[in-house]
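Record features, source Swiss-Prot:
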type     : residues                       : note
REGION   : 1-66                           : region 'Disordered'
COMPBIAS : 27-41                          : compositional bias 'Basic and acidic residues'
REGION   : 79-138                         : region 'Disordered'
COMPBIAS : 79-91                          : compositional bias 'Polar residues'
COMPBIAS : 110-122                        : compositional bias 'Polar residues'
ZN_FING  : 170-206                        : zinc finger
BINDING  : Cys170, Cys173, Cys190, Cys194 : Zn(2+) 1 binding site
BINDING  : Cys181, Cys184, His202, Cys206 : Zn(2+) 2 binding site
DOMAIN   : 312-372                        : domain 'Tudor 1'
REGION   : 450-469                        : region 'Disordered'
DOMAIN   : 541-600                        : domain 'Tudor 2'
DOMAIN   : 762-821                        : domain 'Tudor 3'
DOMAIN   : 990-1048                       : domain 'Tudor 4'
Amino acid sequence: MSVKSPFNVMSRNNLEAPPCKMTEPFNFEKNENKLPPHESLRSPGTLPNHPNFRLKSSENGNKKNNFLLCEQTKQYLASQEDNSVSSNPNGINGEVVGSKGDRKKLPAGNSVSPPSAESNSPPKEVNIKPGNNVRPAKSKKLNKLVENSLSISNPGLFTSLGPPLRSTTCHRCGLFGSLRCSQCKQTYYCSTACQRRDWSAHSIVCRPVQPNFHKLENKSSIETKDVEVNNKSDCPLGVTKEIAIWAERIMFSDLRSLQLKKTMEIKGTVTEFKHPGDFYVQLYSSEVLEYMNQLSASLKETYANVHEKDYIPVKGEVCIAKYTVDQTWNRAIIQNVDVQQKKAHVLYIDYGNEEIIPLNRIYHLNRNIDLFPPCAIKCFVANVIPAEGNWSSDCIKATKPLLMEQYCSIKIVDILEEEVVTFAVEVELPNSGKLLDHVLIEMGYGLKPSGQDSKKENADQSDPEDVGKMTTENNIVVDKSDLIPKVLTLNVGDEFCGVVAHIQTPEDFFCQQLQSGRKLAELQASLSKYCDQLPPRSDFYPAIGDICCAQFSEDDQWYRASVLAYASEESVLVGYVDYGNFEILSLMRLCPIIPKLLELPMQAIKCVLAGVKPSLGIWTPEAICLMKKLVQNKIITVKVVDKLENSSLVELIDKSETPHVSVSKVLLDAGFAVGEQSMVTDKPSDVKETSVPLGVEGKVNPLEWTWVELGVDQTVDVVVCVIYSPGEFYCHVLKEDALKKLNDLNKSLAEHCQQKLPNGFKAEIGQPCCAFFAGDGSWYRALVKEILPNGHVKVHFVDYGNIEEVTADELRMISSTFLNLPFQGIRCQLADIQSRNKHWSEEAITRFQMCVAGIKLQARVVEVTENGIGVELTDLSTCYPRIISDVLIDEHLVLKSASPHKDLPNDRLVNKHELQVHVQGLQATSSAEQWKTIELPVDKTIQANVLEIISPNLFYALPKGMPENQEKLCMLTAELLEYCNAPKSRPPYRPRIGDACCAKYTSDDFWYRAVVLGTSDTDVEVLYADYGNIETLPLCRVQPITSSHLALPFQIIRCSLEGLMELNGSSSQLIIMLLKNFMLNQNVMLSVKGITKNVHTVSVEKCSENGTVDVADKLVTFGLAKNITPQRQSALNTEKMYRMNCCCTELQKQVEKHEHILLFLLNNSTNQNKFIEMKKLLKS
């Protein structure tokens, strides 16, 4: 039942840190009291709008054990005076007439039911017969009993009888109802429909049960109340035993609640996945981790030597079940019981998987074990429904690998109180960061639900009149659509006097219009009056995005605010919609708002300063301080020059100064900003808006597009789509679902262009458009290349690379929505080759096409030029890797050119999602801080794990075994934590490849020493130098390291393969690929041959099924390197001499003879191309 964590936990870290932290903490129900001896009170969970109800306990049933006898009954009993035996020796409530010394006790819950009230005639006999040892009572004594104990005025009647049974009629319609409200457990209903209709009235009086277990422990419950009997034989067999068993049973509702709420963000691992509508997530937190360890140990100890016997559980009971796979005991809830087959269907509540097992592998849960909440929660993906009505098998196959046993972040959207509490969640995929519902919709497996976001189709829905409504403090029900604030509308060219209310940066600040100052002041007075009249409340939990009233912490005044996020269970991040600033507040400082207070539009206008960009890439504190000084407490003229997606591009001018002061110009003059390449100017008002196709914005904005980008030394899988020559061809990158997105885009584009829309498109060179391709009759994205004199247009199909001539009618205007996907056709050229003549020969083009057409290739980027990307193509589908350029060179179809790109340029083009690859291994140590690793003795052979391979001359390994200085490492971790968390101001830190740094590990948020393996604009890849873990972090999670923290040597070692020289510089990527396939993340044996500048020269051996394999010999065998070690060369010569003197000399001569014959046949064959590779092998 153990679940493998998807990430590498630092196994050698002595600090007992949980493997991960939850984004938002959650609390468990406190376990202050033990269960009562019987019929435990169900503790309420979260408080939904419509509490569900639970079946009434079967012990109570419909028994009527509290009643009064009418006069006819008294007379009837009196008339039986002469009959020798009373028909009920136990009496009305289990009391037997007899001597006091013979009295015993029997639980009243099993007393005999009285005669039916509907019967007109009294019964002649009662089912239960008296025991032999019970003496018949005399008539006088019985008459006295009746007069005394059945008298209405006799107080003993009320003390002897059990408490009245609560009516089980439906609170709304009056019919029989055995279901009760799970919150107050007092009101009964016949169906869910009646409960919903009654909720508006019942919610006023409904209060959660407040169990007092201390009192219950000292006071017998109704079902176990003792009454007196004469002898054990008076009690029906099995009654006492049955009560004892029920007293021991623990139901699912007895477990404590997780206290999860809507909008909370938690993290965990998906341990069971059936389909997107049914999967389980095992939560990760320090509490869960600690409990799982304690539970495992407790169950192992408690149930180690139990004897197998058939325990008969009941549905809904929490038991201990032995899992079939690993034979361990785990908590499970009983889903169903088949007594005849002696089997039960169980669900393991801490993992989510289920199975059918024999009853002899099930035991009741020991009451001494803590009633911790289930560690796995049942979930379904919110905001999406299956496209085909049910989740298809293809969908399950595609999505299960994305989630199963993956550590991911989920956000609770809704909570459904079903038989098992189910959570509607948004799941962020761990690898891509995308939301699962978006992925399902993009892949065509799901659809956006209409009318609801997160409810299942079969889930109970609220009444239509309740949808979209909420109750304010004064119990006035308002529609949520009335609580949406109005937004100020600004147009390009608008100019107004205002004040800057809040500044984050020059690209993120808020302005207020001065003309609305009086209305805003009146609003503040109304807010204060309204909020001061409201009593404090602790049950207000606004949803993210809701508008409410918030009490500002600095002046304790009330303002309108929007809930941005939940910082914890009791605090939220709010943004003040009239000012722009934000802060974290306690929920006690919030209250609901009314529509009247939302009549004034939100006054904070989000702005971006026009014409400037930060000179250093980010805005420095000095630049922000200067801007605040320029506009603080001043009336500023604000001019809107453009409208962005959710903000306005504005110019700020201080006209109170002479001459007028432009904030943008001051920032430029101070050197804090640089001017934008294309300054935004006022747009003409006479823009033509006619003949605009449907779906295209009437306002013509400049279209923006991007190409797929690759960085130098980046290696990707590609397929060639268009070929002009080895110096110009186009490729598709086979990455993730890019081609599927392209196909979907082409379908949408074709549907859009076939709608016979009015076409006002006028071709301009370099402009994107939709173009018709006559080859297959479809529409594709294109760029206008040339406008011909005959009116035709040459277009470049940007996703494929071909250039075609089309007519003006075969062009359409393109919408910006079709430009979101980067252009997929990448222009490439083979690196390090050139044509034999001025132009590429037909033979070279044909041969190149034969080598690459329809084949998945590996491309390594060698250079990036204006004419395309220079790549090295490798065919991995053959028996050995084949470099395409080498094939053309060997066949004398092209010439090899001297590559000017051996050394990597400093200004590499790097995609922001791709990391630079470290190639200059030995020279890449940090210039700022030199660091050292532990040094191993020469000639020592150790076992190690290879962590990362940069080249044959540099790879990192971690020796096996615990380090000797473990205590120092723990002290160092504490020092790093104090150093990195200390408040201080530092300039932006951008580490370089090979630098030593401090890195904050994702799983425990502790700081550790690390080595930089690669960098991008936003991320950095690091290797934790003392533990061997590798992960990619945002730049904010790395800090520079001090020399004092480098005094202790790193526990990893730097290695270089002994005595190898590459035969061909272009094959280095093949060597790295083979090395990674052979020994990356593998346990190998390292023999230290020497140490130079803290780099261990080693020979590497790996054990395989065929014996020990030397890695260097493997490379030499593949012809990718040659051995330059004198000792090894001498050994090879000795081996060759031995073979020359052995008895196989004659056989070797015969082999050489056959080789000559084979070469002769190949040289004289009609088709040279088919045998070139074979000739090459024979000549080598």
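Here the Cβ of each residue, glycine as well, is placed from N, Cα and C on the backbone.
Mapped onto this structure are the features recorded in Swiss-Prot.
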residue: Cys170; record: Zn(2+) 1 binding site; DSSP (3 states): coil
residue: Cys181; record: Zn(2+) 2 binding site; DSSP (3 states): strand
residue: Cys190; record: Zn(2+) 1 binding site; DSSP (3 states): coil
residue: His202; record: Zn(2+) 2 binding site; DSSP (3 states): helix
**Fill in**
Across the domain 'Tudor 3' (762-821), the model's average pLDDT, rounded to a whole number, is 88
**Asked** About how far apart, in whole Å, are the alpha carbons (Cα) of His202 (Zn(2+) 2 binding site) and Cys190 (Zn(2+) 1 binding site)?
**Response** 15
**Request:** For the recorded Zn(2+) 1 site formed by Cys170, Cys173, Cys190, Cys194, name the remaining residues of the chain with Cβ within 8 Å of the site's Cβ center, in chain order.
**Result:** Thr169, His171, Arg172, Gly174, Leu175, Gly177, Tyr189, Ser191, Ala193
**Fill in**
Residues near Cys194 (Zn(2+) 1 binding site) by Cβ (under 8 Å) yet at least 6 apart in sequence within the same chain, in sequence order, are Cys170, His171, Arg172, Cys173, Gly177
**Prompt:** Counting other Cβ atoms within 10 Å of each Cβ, which of the binding-site residues Cys181, Cys184, Cys190 scores lowest?
**Reply:** Cys184
**Complete:** DSSP composition of the domain 'Tudor 1' (312-372), residue counts helix/strand/coil, works out to 3 helix, 30 strand, 28 coil
**Request:** Do me a favour and check the Cα-Cα span between Cys184 (Zn(2+) 2 binding site) and Cys190 (Zn(2+) 1 binding site); whole Å is fine.
**Result:** 16
**Message:** Can you break down the domain 'Tudor 2' (541-600) into helix, strand and coil residue counts using DSSP?
**Reply:** 7 helix, 27 strand, 26 coil
**Prompt:** Just the number: how many Å between the Cα atoms of Cys206 (Zn(2+) 2 binding site) and Cys190 (Zn(2+) 1 binding site)?
**Reply:** 18
**Which listed residue (Cys170, Cys173, Cys206) has most other Cβ within 10 Å, given these are binding-site residues** = Cys170
**Prompt:** Using DSSP, what's the helix, strand and coil tally for the domain 'Tudor 3' (762-821)?
**Reply:** 7 helix, 27 strand, 26 coil
**Asked** Which residue counts does DSSP yield for the domain 'Tudor 4' (990-1048) in the helix, strand and coil classes, in that order?
**Response** 7 helix, 28 strand, 24 coil
**Item:** Distance from Cys190 (Zn(2+) 1 binding site) back to Cys181 (Zn(2+) 2 binding site), taken between C-alpha atoms, in Å
**Value:** 11
